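Worksheet: the structure to be examined is printed underneath.
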Amino acid sequence: MAVSRRSLELPPADPDRARLHQLGYKQELRRGLSVLSNFALSFSIISVMMGVTITFNTGLRYGGPVSMTLGWFAVTLFNGCVALSMAEICSAYPTSGGLYYWSAKLAGKDWAPLASWVTGWFNIVGQWAATTSIDFSLAQLVQVIVLLGTGGQNGGGYMASKYVVLAIYGAILVVHGLINSLPIQYMAWFGQLGAFWNAAGILVLVILIPAVAKERASARFIFTHFNVDDATGIQDKAYILAVGLLMSQYSVIGYDASAHMTEETKNADWSGPMGIITSVALSSVFGWIYLVALTSIMTEDIRSLLDPGNDAGGYAVAQALYTAFHRRFGTGVGGLVCLGIVAIATFLCGCACITSNSRMGYAFSRDRAMPFSRFWYRVNKQEVPFNVVWLSVAVAFVMALTSLGSQVAFQAMVSIATVGQYVAYALPIVFRVTTARRSFVPGPFHLGKFGVLVGWVAVAWVALLTVLFSLPVAYPVAEDNFNYTAALVGGVLLLSVGAWVLHARFWFQGPITNVDL
């Protein structure tokens with residue numbers, strides 16, 4: 001049958017649906033997100049107010065102000081390269097699978113299944129660990145607020161047991177699961193609320209905190225003071241600085257959410273990349289401003305702020321805020337309000353993180369990479385991947401059970417969330433600059449002739465931080481200070497490759513098309 005030339009030139013009624021079909025998938029999720037909503041979800045997940053606050057102890061202990069305020073710039077520069085490279089690839093392949101789909105398309109026919117498999121498992125395990133670290137940190141923050149609100153550790157305040165903290169954590173996860181069971185338009189609203197709350201909250205805090213503080217640190221202290229904590233047994237300043245960068249690196253992570261939400265985003269091949277770039281850029285700016293404001297009230301001896309015997313139980317930010325307001329007004333209630341602002345931002349961050357987890361799990365199950373994929377790969381009447389939402393909740397809860405045995409082992413969740421995620425970010429970029437260097441077909445957003453150079457810088461940075469964050473964090477190395485990051489990252493690699501060799505290589509072929517092309 002003859003088809004007129006004019007009919008071939010007509011644009012499709014829905015370009016997003018048509019592009020998704022070209023990539024091999026039916027449109028099964030509702031496209032209810034704008035570029036603003038896509039950005040908002042990533043910005044809410046990054047949540048620098050949350051990231052800086054919950055990892056401030058690490059930065060303060062390892063290098064102190066200089067490792068945080070100046071180290072932030074180095075991390076921002078290299079994170080920018082990772083984000084730009086990811087945005088370029090996202091523009092070419094706007095699917096919910098994101099990173100593992102990109103690896104499959106860029107690694108070449110022979111390596112595509114293995115590349116996709118390993119990338120996908122690093123991505124989803126890193127996301128589960130991120131949810132665990134965020135929501136458990138929220139439970140700990142709630143416990144600190146209650147502790148200070150009832151008199152502090154030295155004034156008879158209520159110190160929750162580890163079982164109570166775990167129960168609070170479980171309740172937070174359930175609420176997040178219920179919210180994520182709602183239709184996508186509600187999640188768009190929560191994402192926008194999270195973005196607004198993070199931006200507005202930081203602006204309020206950076207004005208309020210220095211204004212309230214009777215004593216403020218000098219600019220020299222904020223930008224040049226280098227802290228060496230004798231308790232760690234590490235004296236080499238370069239080593240200390242390297243470990244301290246974990247705070248800055250963890251504070252800007254999770255922006256792959258923009259890629260995972262592309263099948264629910266309008267004009268996805270442009271909106272997805274813009275979501276990645278703008279969320280990282282604005283988070284980097286807001287995060288540094290907030291970091292400087294917090295550092296300005298660290299006027300007490302750093303050792304006393306980190307002392308587990310202080311009123312906040314060693315939570316440096318909480319102790320400094322409570323003290324600053326108490327000195328000004330005779331009560332620390334204002335400090336508790338500031339911590340409440342951070343707690344709400346953390347709650348919204350954890351909620352958005354479950355959203356991203358579930359979309360990644362949905363896509364990975366669609367390609368039959370997960371056990372019981374047929375069960376997880378289902379959407380309900382509201383076009384929400386309901387089953388995998390609750391899978392994300394359940395796995396995050398199980399991961400937090402490590403806190404009952406060892407806080408040190410649990411703290412490694414922060415590291416695996418950072419390193420695991422960035423390994424997943426780097427793998428498709430590796431293939432972009434090697435096997436697909438000449439064959440890569442860019443989308444509307446691209447870096448032109450600088451794409452390969454930026455990609456190599458991104459890969460080199462991820463390789464370096466993987467080594468840095470696996471180093472011992474104290475000497476001599478003992479059971480109570482052992483860094484489990486290398487073991488966890490190595491475990492994910494060993495299990496994923498082992499499963500591939502023993503089982504998955506016989507049936508997993510990478511992303512599976514579910515439309516007739």
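Note that Cβ sites are derived from N, Cα and C of the backbone, with glycine treated the same way.
TrEMBL annotations:
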TRANSMEM  35-58  transmembrane segment
TRANSMEM  70-90  transmembrane segment
TRANSMEM  164-189  transmembrane segment
TRANSMEM  195-213  transmembrane segment
TRANSMEM  276-298  transmembrane segment
TRANSMEM  333-356  transmembrane segment
TRANSMEM  384-402  transmembrane segment
TRANSMEM  408-431  transmembrane segment
TRANSMEM  452-475  transmembrane segment
TRANSMEM  481-502  transmembrane segment
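Same-chain residues lying 6 or more positions outside the transmembrane segment (276-298) and placing a CB less than 8 Å from one of its CB atoms are 39, 42-43, 46-49, 51-53, 56, 60, 65, 68-69, 72-73, 76, 79-80, 83-84, 86-87, 90, 198-199, 202, 205-206, 209-210, 213, 215-217, 221-222, 251-252, 255-256, 258-259, 305, 316-317, 320-321, 324.
Counting Cβ pairs closer than 8 Å to the transmembrane segment (164-189), the top stretch among 195-213, 333-356, 384-402, 481-502 is 384-402. As a quick check, the transmembrane segment (195-213) and the transmembrane segment (333-356) clear the bar of 3 or more Cβ pairs under 8 A, pairs 6 or more apart, so the two touch. Taking every recorded stretch in 333-356, 384-402, 408-431 and counting its Cβ pairs under 8 Å to the transmembrane segment (70-90), the highest total belongs to 408-431.
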